[in-house]
Amino acid sequence: MGLLSDPNRRKALTGLLTRLNTPICIVCYLAGIVWFMGLAFEPFTLRTYMSENAMGSTMVEERFSSGERALSLAKEFDAHKRKAGGMPVEWLVKAMQSRGLEVFTQSFSRKLPFPDENKERYMVRGTNVYGILRAPRAPRTEALVITAPCSPGNTNNQAVALLLALAQYFRNQIYWAKDIIFLVNEHDLIGTQAWLEGYHHTNITGMEYSPLQGRAGSIQAALSLELSSDVITSLDLVLEGLNGQLPNLDLANLFYAFCQKLGVLCTIQGKLQRNDWDTAEGYTHAAQTMMLMVLKQACGRSWGDHGLFLRYHIEAASVRGINSFRHYKTDATTIGRLLEGMVRKLNNLLERLHQSYFFYLLPSLSRFVSIGYYMPAFGLLAVILLLRALDLWVHLGAPALAAVDGVTEAEQPSSPGVLTVLTPVVISHLTGVALYLLPVHLQEMAVEHFPVSETEAVVLTAIAIYTAGLALPHNTQRALYAVVMVLLSPAFTILYCVFIYQELIEAPVSVSEGWMLFLSVISQGILDHALYGSLVYPLLALFIYPCWLMFWNILFWN
Amino acid sequence: MDYYNLLTTCAFIHLLVSIPYAYSNYVENKAGQFFSSGHTNNWAVLVCTSRFWFNYRHVANTLSVYRSVKRLGIPDSHIVLMLADDMACNYRNPKPATVFSHKNMELNVYGDDVEVDYRGYEVTVENFLRVLTGRLPPSTPRSKRLLSDDRSNILIYLTGHGGNGFLKFQDSEEISNMELADAFEQMWQKRRYNELLFIIDTCQGASMYERFYSPNLMALASSQVGEDSLSHQPDLAIGVHLMDKYTFYLLEFLEEVHPASQANMNDLFKVCPQSQCVSTPGHRTDLFQRNPGSVLITDFFGSVRKVEITKDTINLTSSLKPLIQRSGSGDMQIESLTYVDQLPVAEIIHQNAIQGLSYSIMTEGTPVNF
């Protein structure tokens, strides 16, 4: 007879399961943690390689030379930006037109659910300016996008200027097989979202925008440029997008290949790769880089303007120039050459990037861990849930077995009524729904009654509803368990993650600063969900929080 | 004295009479030497099987062999050129209308007078086999046909991506080495070639000639089974690899060959040794009846017409007379010239060299100049 159909064998198996349940669970948990942390150890990772045949190796000769002209253009742009008090639309339109692009503008407006610290107002209005470089010989079926944000103040002037210089250089070449769109967006992610929705004729986030007058075909890849100084010491690659989505690994491979060719220092997560993988510091460095990537993906916000492209299956990455205290400086011409090389290689693509991995972790720019290697760690953690469930199932069935054996001392436990089980479940989920809906809707009422700003009102309402859910009759005997449960609750997990994140980026904060960061994280999460459709806040409020609340109920079941 | 006079006069008369016979034998021998290689016309089938911009080098390979073959005398009407993609007019080509084989744009193999017979999606396994075996629909134009006969020496050059026993066509289909061997056997049975030289420049190219079993085939490949053929140099302005190593050195070798050169096949086997090519080129000559050392390069790569000017009259031998009489006997049957049928059985039966002379006058092969 089979293993599970033979009653004797089944009894032995279930006996094993119930007896050894806790040890197996502990072993699985530790194994999962060790497996995951071991992934950062270099011999367990694979070296990155270019998977797409069409992109090949970096065999092009970059001839871009107008770096200096770009820097003077940056000053001009800055002056016009100050004069216009925002985006200098006419100047940009004229600059792009004089470089031979087809220029169009798009105006957009968005009513924020509550004003966050950056915007300090409800209504956000802006204009995107984009110019299309038509491929001289190719049909207009495919496009590439290069975008630079127009940020207030001193930031990203050089990015926009380099964009214009590249546009002028690209216009003189005849080897383009795709149209190239040069986009300057206002208000960062909101502008990008408006442009993408207008381009693809969708309206998923309630943005109001004017329809796009000019279009270029389906977008194959996008690059976002952030450059705020004349010389830089390193280029940082930002891959994490909305909801933790990542572009195809080939895009990161392309960036790394050109960094190596041109001799530019390239970092990921702001950390430079080390050579000493066999020392403790080398390993912790790689582990920190990997954990930073995990945390950034977990928080679900888009860490660069590229992040919103990923939802439309457009592979996109952000390249950020960093000016820190290093000896070796890279000038704008070299950055221009790097971008020229990347765009030229992307020009060779015949299909969208799909040959390399979509789910991966990068302990460094030249090493990667694919999902096939890191998923087993989570599988081991999930096995614990399965084992516990089986254990409970076996225990539920045990009194019945005792009755069958003829021993009738055990009294029949009264099966609980449906109402007694359903009530906590419903209440937990209702509290979750309240946590999801009420903070934004009750903010006016909160502002009337309490001396706080709208943002603070939202966040504090959320925290209030969260702690209200804990209000249950409890007995003091389980105080220790109660404290442990609270310390493992979702809100505290987020708090720990904030502190860990700050440690990992080597900017540790004090407790009060951490608390303020925590509050801003909550408000940003709610805002991201409302503006771009990030799923982390609804996931927490509607699924994880009710589950935890039900555990809390079970703990104090009387 | 009279006896001696009679003897000498008899000898003298005998000598006088035998001189024309000796001379005609000499002429026959000389004429026989014209056909020592056995072929009267040359054809070339040059195929590039891969498309996409990053396979630029395969098109450049094929075009460089095309250039050499044309330079050495084979006309476009006797070359079937099959290119699977258009590199010269690809949007990504920074120098439109050119295909370069050497970096720094030293040599444009596309030229001004290239004639591509099968282009783009017409390069398929089916079309290739139909060209080889001659089974084309009647509406196929002449430029797309391989109109070879049993006196044709054919050069077949294939390049692209290949593997152990197959060659990939157009990223969607493959031709196997058995299919190729069977196609050559069909060609042999239909007497569509006299001798055939098969050159292949792909990864594991030697696997493609392993299965040949028809006579008079010689094969060269750029790499052995299990080895990859490597590309030669990238051009940084164009951004792709320009040629494969084996064909690059083959082109350099062929640039030294001129129509009168006496270089033979043994020199061709030495092209691109492992020190230059990294892969080991291979060749196969067991099915070939002549010694490779006596086979000239121009027997396959060029179209050498042997011409010898003579000011003497030559008496044709007597067996021609019945034919001439027949044509002069009044009842002139004017036959319009038609193309040879697939299998000219009547002529095959006559295997004599002299009949061979008359045969080549009667059929539509290249006229033989005396």
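FYI, residue positions are counted from 1 along the chain as it appears here.
Each residue, glycine too, has its Cβ placed from N, Cα and C.
Note that the coordinates shown come from a computational prediction; the quantities given were computed from them, not determined experimentally.
Sequence-distant contacts of the transmembrane segment (A:20-41), counting only residues of its own chain at least 6 positions beyond either end whose CB sits under 8 Å from a CB of the stretch, comprise 277, 283, 286-287, 289-290, 361, 363, 369, 373-374, 376-381, 383-384, 387-388, 391. Feature annotation from TrEMBL assigns transmembrane segment to A:20-41 (among others).
As annotated by TrEMBL, transmembrane segment applies to A:416-437 (among others).
Taken from TrEMBL, the feature transmembrane segment applies to A:457-473 (among others).
Non-local neighbours of the transmembrane segment (A:480-502) in the same chain are 291-292, 295, 298-299, 463, 466, 470, 474, 508-509, 514-515, 517-518, 521-522, 540, 544-545, 548, 551-552, 555-556; each lies 6+ residues outside the stretch with a CB under 8 Å from one of its CB atoms. The feature transmembrane segment is assigned by TrEMBL to A:480-502 (among others).
Among the features that TrEMBL reports, transmembrane segment is placed at A:539-557 (among others).
Sequence-distant neighbours of the transmembrane segment (A:457-473) (same chain, 6+ residues past either end, Cβ-Cβ under 8 Å): 114, 428, 431, 434-435, 438-440, 442-443, 446-447, 450, 486, 491, 519, 522-523, 526, 545, 549, 552-553, 556, 558. Only residues 6 or more beyond the boundaries of the transmembrane segment (A:539-557), in the same chain, are considered here, and those with a CB under 8 A from a CB of the stretch are 424-425, 427-429, 431-433, 435-436, 466, 469-470, 472-475, 478, 481-482, 485, 489-490, 525.
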